[in-house]
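Engineer: Please find one structure pasted underneath; my questions will follow.
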Amino acid sequence: MDALILASSTGGLSLFASGRSSWRSNDLKAVHSPIIGPIGSSIGVQVPACSSDNAVGKFYTLKFRRHVIKHYGRGIQDTPTAFQKSNTKFLPNATSDHPLESEPAAYPKNTWNSVKNALDAFYRFSRPHTIIGTALSIVSVSLLAIEKVSDVSSLFFTGVLEAVVAALMMNIYIVGLNQLSDIEIDKVNKPYLPLASGEYSIFTGIIIVTSFSVMSFWLGWIVGSWPLFWALLISFVLGTAYSINLPLLRWKRFALVAAMCILAVRAVIVQLAFYLHIQTHVLSRPAIISKPLIFATAFMSFFSVVIALFKDIPDIEGDKIFGIKSYTVCLGQKRVFWTCISLLEMAYGVSILVGATSSYTWSKVITVLGHSILASILWIRAKSVDLKSKAAITSCYMFIWKLFYAEYLLIPLIR
């Protein structure tokens, strides 16, 4: 059929007329709107039009055009795929009043947005500041085992990579379990986290933490390094006991015990276990406790206590509501804040003295100057913090983590 003529009688259309006016036959004109048919033929659509002085007629004429185009557009979906693209692009020409648009480019854009949103949610779930801290600390401590240039080999890099990947997967398990246990608290303290905001369901969170813990242990086992495996196991036990809400557990409720958990992992396990992993498993040397290793363990003990105390300062509101008796809740924000700053300044003071005793001039200059600069920056930043502003305190907490990263850049230079 070369043409399809759609017509409507005057009587039928007069049902839509309002008031005393009715449509007269001489008010109507035949309007031909061409539409390309499914096999390339032209379909003429004859629709009623009205004279320019009939506003109601104009309205229903336009409405009828849209109706024809809408239902004809549906018919295109039933045509062979090869013709759909060419047919669809002509639909906007069916009426100039409100063109219909085809947007095939929207699909890749929507897919890309979905991928970005998924990556962003996982990024927040993984607590990136802890990821960076874990990776830097392992690399830094591994460098303490280097005695000569030949130690820097593919075997060394492989050993470091194995340790970093296994530790990062365990890190994600620990921070993820903490979020699963603190959903209601995080709705107050950290509503941007995926579980608290509803982006992740509880089931999704469980799947993620379970998968990463299994993969961490699997990698630690196949590597065959006992220091590495024990580091993962102790971190798993302490991280679970810290967060999970079971009888005799959820140690984060008790300020001193919570601080000891963080200190044990960040200060002791990371320094000793990963150093021994490189020293004994990768380089096949006897275990030796060196001066730089002792310094790293002692300094990070101070830093770990500071992190354990400081992280609760911006979370005081939610901790009060849910009965978490942190030092901040018990002693107040200001007192805990300046205790943390004082502990770090003491640590930097000791570091300057240790650096000054080095027998290597380059080590002495770098460590003394480096720690002096960090101590000065910390003091200036602390003096400018508004303790009444949660945003200011949170920003300062993240600044403490940056000092944590900087220290791991200086530790390998201690000699």
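Just so you know, glycine gets a Cβ as well, placed from its N, Cα and C.
Unlike curated entries, TrEMBL annotations are predicted automatically.
Not measured: the values here are computed from a predicted model.
So TrEMBL has the following annotated:
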- 129-146: transmembrane segment (TRANSMEM)
- 152-177: transmembrane segment (TRANSMEM)
- 198-222: transmembrane segment (TRANSMEM)
- 228-248: transmembrane segment (TRANSMEM)
- 255-276: transmembrane segment (TRANSMEM)
- 288-310: transmembrane segment (TRANSMEM)
- 336-356: transmembrane segment (TRANSMEM)
- 362-380: transmembrane segment (TRANSMEM)
- 392-414: transmembrane segment (TRANSMEM)
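Locate each feature and note its surroundings.
Structural biologist: Sequence-remote contacts of a segment are chain residues at least 6 beyond its ends whose Cβ falls under 8 Å from one of its Cβ atoms, and for the transmembrane segment (129-146) they are 152, 156, 159-160, 163-164, 167-168, 171-172, 175, 266, 270-271, 274-275, 277-279, 282-283, 285, 290, 292-293, 296, 300, 398, 401, 404-405, 408-409, 411-412.
For the transmembrane segment (152-177), the list of distant contacts is 125-127, 130-131, 134-135, 138-139, 142, 146, 205, 208-209, 212-213, 215-216, 219-220, 223, 225, 228, 231-232, 235-236, 239-240, 242-244, 270, 274, 277-278, 281-283: same-chain residues at least six beyond its ends, Cβ to Cβ under 8 Å.
Counting only same-chain residues 6+ beyond the ends of the transmembrane segment (255-276), those with a CB under 8 A from a CB of the stretch are 133-134, 137-138, 141-142, 144-145, 163, 167, 227-228, 230-231, 234-235, 238-239, 241-242, 287, 293, 296-297, 300-301, 303-305, 307-309, 312, 325-327, 330.
A Cβ distance under 8 Å defines the sequence-distant neighbours of the transmembrane segment (288-310), meaning residues of its chain 6+ beyond its ends; these are 137, 140-141, 144, 258-259, 262-263, 265-268, 270-272, 275, 279, 327-328, 336-337, 339-340, 343-344, 346-347, 350-351, 354, 396-397, 400-401, 403-404, 407, 411-412, 414-415.
Away from its own ends, the transmembrane segment (362-380) comes close to residues 341, 344-345, 348-349, 351-352, 354-356, 403, 406-407, 410, 413-415 of its chain (Cβ-Cβ under 8 Å, at least six residues beyond either end).
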Engineer: Same-chain Cβ contacts of the transmembrane segment (392-414) under 8 Å, 6 or more residues past its ends?
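Structural biologist: Distal contacts: 129, 132-133, 136-137, 139-141, 143-144, 291-292, 295-296, 299-300, 303, 306-307, 310-311, 313-314, 333, 337, 340, 344, 351, 354-355, 358, 363, 366-367, 370-371, 374, 377-378, 381-382, 385-386.
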